[in-house]
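Sequence annotations record features per position, and here TrEMBL assigns compositional bias 'Low complexity' to 71-83. Sequence annotations record features per position, and here TrEMBL assigns compositional bias 'Polar residues' to 700-709. According to TrEMBL, the region 'Disordered' annotation covers 71-95, 678-721. The transmembrane segment annotation in TrEMBL covers 6-21, 33-52, 117-136, 156-177, 189-211, 385-402, 408-424, 436-455, 475-496, 539-561, 567-584.
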Amino acid sequence: MSGAALAVVVVVVFFLALYLLQRYGDLWKQQRLVLFGTLLSWYLCFLIVFILPLDVSMAVYNQCNSNITNTTTATPTNPSSRSEANLSPFPSMSPPGKCEEPWTYIPNDTLEVFWRVVYWTSQFLTWLLLPFMQSYARSGAFSVVGKIKTALIENALYYGSYLLIFIALLIYVAVQLKWKLTLADLQTIGITAANTWGLFLLVLLLGYGLVEIPRSYWLSSSHNYVLSKSYFKVAKMATEKAEADEKLADVIEEVAGIHASVRQNHFLRKYVDIILTKCPTKYQEEMGINVEISRVDQNAPPTKRVLVKLHEKVVSAVQRHNQTQVQWSILLEQAFHLEDVAKSQNSSLRHFTHSFPLAHRGWIRRFIYTPTVEWFWECVLRQGVCRLLAVLLWLLSAAVIWSECTFFSTHPVLSLFAVFIQLAEKWYNYHCIEMVCFVGILFMCVCVYSTVFRIRFFNYYYLVPHHQTDAYSLLFSGMLFCRLTPPLCLNFLGMIHMDSAISHKNRVQTSYTSVGSTNSRINTHTHTHTDICTCKLNVCFSFLYVFFYQIMGSMQLLSFISDGFYIYYPMLVLLLCFATYYNLGPRCLNLLGFHQYITDDDLISDLVDEGRELIKRERRKRQRAEDGENRRWAWRERYGVNGATGRNRAGYIELKDNQKEPVTKIKKSVVTFTRRNEKADEQQTGLLQEDSSDDESPNRRSTAGSYLTLSPPVKGVFDDV
């Protein structure tokens with residue numbers, strides 16, 4: 001299976017990254033460069049996570065071959081070799097006569113080339129290309145040159161801050177080494193700076209995810225908690241929705257003023273037209289019919305810089321408006337479903353009843369996920385499954401926290417993941433090694449990545465599902481993934497004692513962290529030749545080697561980082577887990593005015609009550625709409641689709657051209673309607689008038705307008721109701 005496992009993982013991970021991009025981004029409307037950059041960054045990071053367990057099994061296989069070679073070359077009667085073998089910490093049992101290849105065997109050369117391409121491509125994306133694309137996508141300039149200029153100016157400060165950090169580390173290392181720096185040392189400084197930055201953020205996100213993910217599954221088993229939190233989200237989203245609508249209205253008003261002040265023959269008119277195309281269609285029609293010119297003087301057109309800023313504001317306001325609309329609809333569906341679950345739990349019938357059955361039609365619900373199956377899942381099985389999953393996740397979190405706090409201890413071995421790997425290594429059980437590595441690193445990545453998908457920076461960065469994430473947030477997530485994944489993998493290798501820079505073990509390294517012995521050979525080779533041309537070629541070759549062949553590099557150059565920061569800083573995850581468990585972060589945000597769901601807060605309880613009332617109001621609106629749809633469906637079923645010719649629109653009766661009666665306007669809301677009884681179809685008449693007390697009684701249904709008479713039916717008059 002040489003390379004077959006690698007090829008399968010490469011294909012599967014690509015479709016996983018493509019699915020996530022399709023869920024959060026818009027594959028048809030967003031810029032192709034943005035989609036390509038985000039897909040490539042996510043894809044490379046996921047590849048690192050899925051290929052690293054195979055690399056660990058290959059390191060164990062190479063260690064086995066190394067032990068056999070040392071055993072055959074060593075002289076058994078030599079006392080010194082005998083003592084060295086006893087002091088060796090790795091082969092706790094004698095290696096087999098011939099090492100068996102792992103079922104996921106990958107040639108070493110292939111794996112090394114793969115890591116070089118993946119690692120350096122991801123670093124190029126996160127530190128150079130993606131920040132530039134962020135500023136380019138967010139820029140309001142109207143030309144490519146203008147967007148590039150804006151991106152360069154915005155990234156000047158960004159790159160300048162990192163340059164200062166690099167210069168500080170460079171000065172420190174130069175003083176320690178007495179100003180004797182090589183190209184490999186410079187590369188190690190750069191990699192150390194990148195990994196240190198990523199590890200600093202990694203511990204913060206990991207400390208939150210290790211507690212929040214198991215707790216979220218445990219709390220989701222409580223239906224009352226989930227329903228109350230849903231009410232809280234609805235109340236909070238209603239405020240955000242109102243703010244987004246108000247901001248969009250203000251921006252549209254500003255656009256209308258600019259539209260009125262710039263004449264058709266003005267040279268800035270083409271930029272105004274571009275801005276108009278970014279506005280919603282209904283606002284474009286309103287501005288085309290009635291242009292508001294009271295606030296802006298027609299003789300004072302704006303400058304191009306003002307139009308650039310206005311263009312950026314329009315794009316941001318429209319994007320935020322669309323996000324709130326989609327999120328509002330999703331929250332309403334979730335709240336309606338949770339209320340239906342509460343009603344079904346209290347019902348004696350083992351049958352799940354939806355309040356709005358028209359929205360839950362399909363062959364899956366008709367044949368597979370039937371109301372009976374749905375009732376058993378929602379009312380019986382779901383609670384137990386969530387709690388069982390929460391317990392398993394709590395155990396994994398405890399294992400990660402313990403290993404993070406004890407992985408520096410090699411004698412005795414305290415890290416649980418290192419214990420499992422070494423036990424499997426004794427018997428060369430590659431399946432167990434790969435499974436332990438895959439479960440451990442995948443769980444850590446889920447904790448970190450889920451936190452990246454959940455965090456929200458004042459609507460500046462926010463990942464929204466259902467294709468509503470803007471380009472800036474997509475690129476920012478790609479940057480975070482590329483910066484967090486390498487230090488996460490390096491931290492996991494330290495937890496299983498596969499990183500010699502942390503465990504200080506003289507063993508075969510993984511291809512991800514190995515430096516190789518070619519550096520010393522290259523350096524000696526360049527010093528033996530005296531020819532100037534040959535030395536220049538060797539220097540160039542050395543530069544290319546250390547730049548492309550060294551992946552993680554040895555951190556021994558910066559001892560205070562390798563022996564201090566990388567070992568003791570991950571212990572901070574324990575304090576962060578305690579802070580997350582006691583909700584210290586949400587409580588601080590509440591004090592700052594950013595409301596978070598906390599059950600013992602009076603203000604939060606008021607928001608829950610407000611959300612409950614909003615759900616009642618939206619339920620009545622949805623019920624009236626569905627009742628109207630049911631009546632139209634019943635009318636078509638009884639009299640046929642083509643049995644009526646008129647339409648009811650905004651209180652008017654529209655007749656066909658071949659009829660002689662004029663269009664008449666209905667003044668009063670007096671109708672007669674037909675209601676179908678379950679036992680027999682009988683015709684009843686009544687008055688439907690709007691009642692102001694309808695909002696106070698959720699069981700009553702208002703008409704929200706006027707209906708036309710359906711009894712007695714007149715053939716060829718009405719199309720529907």
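Note: Cβ is positioned from N, Cα and C throughout, glycine not excepted.
Note: the stretches the transmembrane segment (567-584) and the transmembrane segment (156-177) are not in contact (fewer than 3 CB pairs below 8 A, sequence gap of 6 or more). Comparing 33-52, 189-211, 408-424, 436-455 for CB pairs under 8 angstroms to the transmembrane segment (156-177), the maximum falls on 189-211.
Same-chain residues lying 6+ beyond the ends of the transmembrane segment (436-455) with a Cβ under 8 Å from its Cβ atoms: 49-50, 52-53, 56-57, 202, 205-206, 208-210, 212-213, 393, 396-397, 399-400, 417, 420-421, 424, 461, 463, 477, 480-481, 484-485, 488-489, 492, 495-496.
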